[in-house]
Structures are given as C-alpha cells and as structure tokens.
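> According to Swiss-Prot, the protein carries these features:
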- His198, His469, His562: Cu cation 3 binding site (BINDING)
- 283-352: domain 'Plastocyanin-like' (DOMAIN)
- Asn254: N-linked glycosylation site (CARBOHYD)
- Asn298: N-linked glycosylation site (CARBOHYD)
- Asn386: N-linked glycosylation site (CARBOHYD)
- Asn458: N-linked glycosylation site (CARBOHYD)
- Asn546: N-linked glycosylation site (CARBOHYD)
- 1-28: signal peptide (SIGNAL)
Amino acid sequence: MESLLCRRRIKRVMVLIIALTWLRSTCGELEDQLFEVGKLKMFVDDLPDMPRLYGFNSVHGIIKPASLQIGMFSTKWKFHRDLPATPVFAYGTSRSKATVPGPTIETVYGVDTYVTWRNHLPKSHILPWDPTISPATPKHGGIPTVVHLHGGIHEPTSDGNADAWFTAGFRETGPKWTKTTLHYENKQQPGNMWYHDHAMGLTRVNLLAGLVGAYILRHHAVESPFQLPTGDEFDRPLIIFDRSFRKDGSIYMNATGNNPSIHPQWQPEYFGDVIIVNGKAWPRLNVRRRKYRFRIINASNARFFKFFFSNGLDFIVVGSDSAYLSKPVMTKSILLSPSEIVDVVVDFYKSPSRTVVLANDAPYPYPSGDPVNEENGKVMKFIINNESEDDTCTIPKKLINYPNADVSNAVLTRYISMYEYVSNSDEPTHLLVNGLPYEAPVTETPKSGTTEVWEVINLTEDNHPLHIHLGLFKVVEQTALLAAGLEEFKECMTKQNDAVKCQISKYARGKKTAVTAHERGWKNVFKMMPGHVTRILVRFSYIHTNASYPFDPTQEPGYVYHCHILDHEDNMMMRPLKVII
C-alpha cells in the first residue's frame, strides 16, 4: 500500500510541472466566453430518433449472429438551432454517420453480437484532462478509448476494462488490452443497456465529448405477450445529459481544479446548464393520444434527475436498469442517478392538457446541493395530438418474476466503504472504496454462481451510484448511521477500514428508508445514501435461468465495481473484482 502511494506521488510530481504550464495558457478564459444559456429558446428542436444498428442477421427467416464495425470519430454536432456546431467525439459506422449519442444497437436474446470498436480520434483531446489522476497515457500521443457495455453479462475480455484501452489504429494499447473485436453473448435477461467509454482516468472527458449510446436486448417470446408499445415511433430510448457551451459552440469544462496545487484540473463534479435529450437541447416531440414507451438513460457525469410531468401525468415503470420488474409500478416522479436506466410507459391519452413538460427538481450535487433553475429544471416538451385513436397496447398486470432477494442464500457478507478525502481548505482531493486505490491488490473475489450480501457504508456527504460489472443485485434495506458517535465511527473506519472492529452494529441502528417500489427489482446501479448503510444482495449468475455463464468469468482482466459519478470514478473511486470458481 505504501509503495503504491509513493509511486503515485512520484508520478504526480513529474506531471504537475506539465499540467501547471498547460493551465497558464487556459486559466485566462473569461466568463464572457461562455454562451448565455438564457438566449437559447427551449423546445424549438425536434427530438431525434438515433440511427439503429442490428447486432444480428436474418437469413431466410433464421436469426444469426452479426459483426458490426463501429468507429469513434472527431466531428461536429448541432445541439441547438441557435448554437454553433459543437466539436464532439461520436460513435458511428462512418464519420458522416456518427451521432451524439451514438446509434442504438438492437440485439436478440441468444444471438451473439460481435463489435469491432475502432478509434479514429485525433492526437489531442477537445477537452482539458488532468494528468495527476493517473489516466491512461500513451507514449506516442493519441486519445485512449475502450468501450464498456453497461449492464452486459459477458466475458472479462469484452467488458471494457479501464486498462484495456487503445489509441487510433490500435497503435498503442493498455496493459489489459487483449483483442480488437468484443463478443456480446446476449444470453442474459431482456432489457436495456448502454455503451460508453471506460478509459482509465478519461471516462469523464470522453463521455462529455459524446461517446455514449443505447443498447437493447429483446426476447420476443417473453416480451410479446406484454403488448407494450412497439416500433420506432412508440418505443424510444431517451439518453439525457447536461452540458455547458462557449459562444463558439464548443463544450465548456472548467480547466482549473478546486485544489490546483494537487490536481490542476480535476473537480469533484461536472454540471452543465443545458439539458440534452438524444443530442438536442430541450427538444420537443409530437405525440398521439396513446401509450408510448421510453427507455430513459441518465448519461450525465454527475447530475441526478428527479423527473416529473408538469401536468401530473403518471409514469408506469416496467423496468429498472437492465431487467423487467415483476409488475408495473405507477409513480408521479422518478429519481435517476448517473448511469441508471428506467423503462417507462406514458399514456398521453390521459393527459389533461395539449402540452406537457418533462421536468426535473433534483438538487445538484445530490442530495444537498443547489436547487434547480429555469434551465436545468426542464428537460423536454411533448405536444399531444388532440384526436383520439384506438390503442391496442396494454399495461399487463404482471411482467417477469425473477428470484426474490433471499439473504439466507448468501455465501458471505462483505463490507464496502466509501470515503472522501479533503485538503486543508476542505476541498475534495480524491475518493476511495475500502480505503484502497484502484491499483491495490484485489480484495473482492466472489465465486461464480453464488450470491453475496454487500453492506455498503457511505461515509461521505454525497449520494454515490454504485455500479457492479457482471453482477446483478437487489436492494434489501437502507439504514441511517446514528448521528451520535458518527464522527468516532468515521475516524475508526478511516484508520482501520474494518466495519466489524469499528462496531458497525453499534452505529447502523438509525432510521430505515424504504426502497422505492419501482427500484425493488434486479439492478446494476443503485444510489448509496450519504450517512447510510445500504444492504444489497449481489448475484454472480443469471437471474432468468440456473444455467452457468457460457464463458469463463475468471479470465483476466476481470471486472470492476465503482461509483458512477464519473468525476469520482476517474479519481480512484473504483476497485477490481475478480471472480473465482
């Protein structure tokens, strides 16, 4: 541990001189270079439906595996009618077809999809990045990238390990890189996923630049009886994120860190003042008086959304993250953290008005930050056709019954602790899981096919969305740490990182917060409340069958788990996960 920290300090000293020199050339940027967000009129751009790519072939009516070639390109994108075109990094089958977000990949249960992800990015990044947080740093320049299919259950070599990065033309590759083509088995439960960059220390800037896209796994035999809305018009992914812009249209990211003598550029959270849906700022969508299905993905770096409709219309939740619920849940609002997915049906026939705004009222940072304003409190507008029509879609009483969260089946209990460290000025410097940097030897070694209880102890003031690669989990309970003696417990944990020795049972006796009804299904991300212990039941096997994985989950480079606030993930809030047999 000591030697790891020493190596980090040496590297920091070496790169600090370079970073500070670069900062001198950028820190003179004036506020008047920023685009005045109030000048952008809302609801003037139509909601795009992103291009579709199909991860399967149909030959004489028989569905067969397919291979896709998807590139990452430097291009320009119009986020708003009145905003100059923005330099971005975008996924697509060619530069001219690249989009932000990238194309939606449609796949079929049980049919393999092979994707060769190709890096066509330039030598230099379009955004500032911080060399002191140990990012992937190629010797010959270029922008490291690697794609992670978020929510996917597949072999480690196709998981998009942060150290499996590569530069343009595969000229340079990271220490964990193994192959050019990734294999997605598509043998898990049907549901929603998304793909995004996952390069070490660069995830936050690569996603800000535009490297995100939706991925849908369909199982027609299972899903058809539900009679949910189908077809491109009525079944739409909505990828939502926030950005700020300069007057020239370029993405604005603060180039000065909150602790510039430690991290010249890194800041604990990025928040933009413009809300983007499918690549357009506050778009509009003309809808008919009938049911629509929206697969909503929060692709923000750090912003939580608490969605609601301005006229009180209901959400009917049918899925959470990559799995269906056991039955639909009706709700007036939905809290979605970065990287979470919610699958909803909205019945516009029941709308009392001709127009309705999808709005947001989540403070930022969540939960105790600033309240929303006029700009980030609105997401998009729906304009409803006044003519009624026959709607054959239904809301089924039941969906898919997966196994319950039976804690008695767990083979062991692990304690996972979240820490934030601050400077003398009380500004965050870095965040750790279990008090360990990412490079420290693996400590979580679940056995394939088993279930574990994880007691996640959040000792910070932020809500951290915990994402576990490969595993699926159910949230069992959320218990507040007692305020009396909390500082004593934090001090003990900071020194020892041993929940049992620090008498967790003595402090985890506060108020219990019920798990929201639409979040009681199987998830791969969940919001860890500050000052709470959240018990989750993690399953390292399929939930829809007792069959074993069709791949070897013990291969290198293994998997990871981490906070999905990207600015935290990039600054050490990630740990390796090694599955054993």
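Cβ atoms here come from the backbone N, Cα and C positions, even for glycine.
Give me the lay of the land around each of these features.
When secondary structure is read from DSSP and collapsed to three states, His469 (Cu cation 3 binding site) falls in the coil class. Around His469 (Cu cation 3 binding site), a 10 Å sphere centred on its CB holds 24 further CB atoms from the protein chains shown.
Averaged over the domain 'Plastocyanin-like' (283-352), the predicted model reaches a pLDDT of 99.
For Asn254 (N-linked glycosylation site), the same-chain residues lying six or more positions away in sequence with a CB closer than 8 A to its CB are Gln265, Gln267. In the three-state DSSP scheme, Asn254 (N-linked glycosylation site) falls into the coil class.
Other Cβ atoms within 10 Å of the Cβ of Asn298 (N-linked glycosylation site), summed over all protein chains shown, number 25.
In the three-state DSSP classification, Asn386 (N-linked glycosylation site) falls within a strand.
Around Asn458 (N-linked glycosylation site), taking its Cβ as the centre, 25 other Cβ atoms fall within 10 Å, counting all chains.
Its Cβ placed at the centre, Asn546 (N-linked glycosylation site) has 9 other Cβ atoms within 10 Å.
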> Which numbers of helix, strand and coil residues does DSSP report for the domain 'Plastocyanin-like' (283-352)?
3 helix, 45 strand, 22 coil
> Taking DSSP three-state, what's Asn458 (N-linked glycosylation site) in: helix, strand or coil?
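Looking at the DSSP assignment, Asn458 (N-linked glycosylation site) belongs to a strand.
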> Counting distance between Cα atoms, which of the binding-site residues His198, His469, His562 is nearest Asn458 (N-linked glycosylation site)?
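Closest by Cα distance to Asn458 (N-linked glycosylation site) among the binding-site residues His198, His469, His562: His562.
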> Determine which residues of the same chain, besides His198, His469, His562, have their CB within 8 A of the center of the CB atoms at the recorded Cu cation 3 site, and list them by sequence.
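The surrounding set, listed in chain order, is His148, His150, Asp159, Gly160, Asn161, Ala162, His467, Tyr559, Val560, Tyr561, Glu569, Met574.
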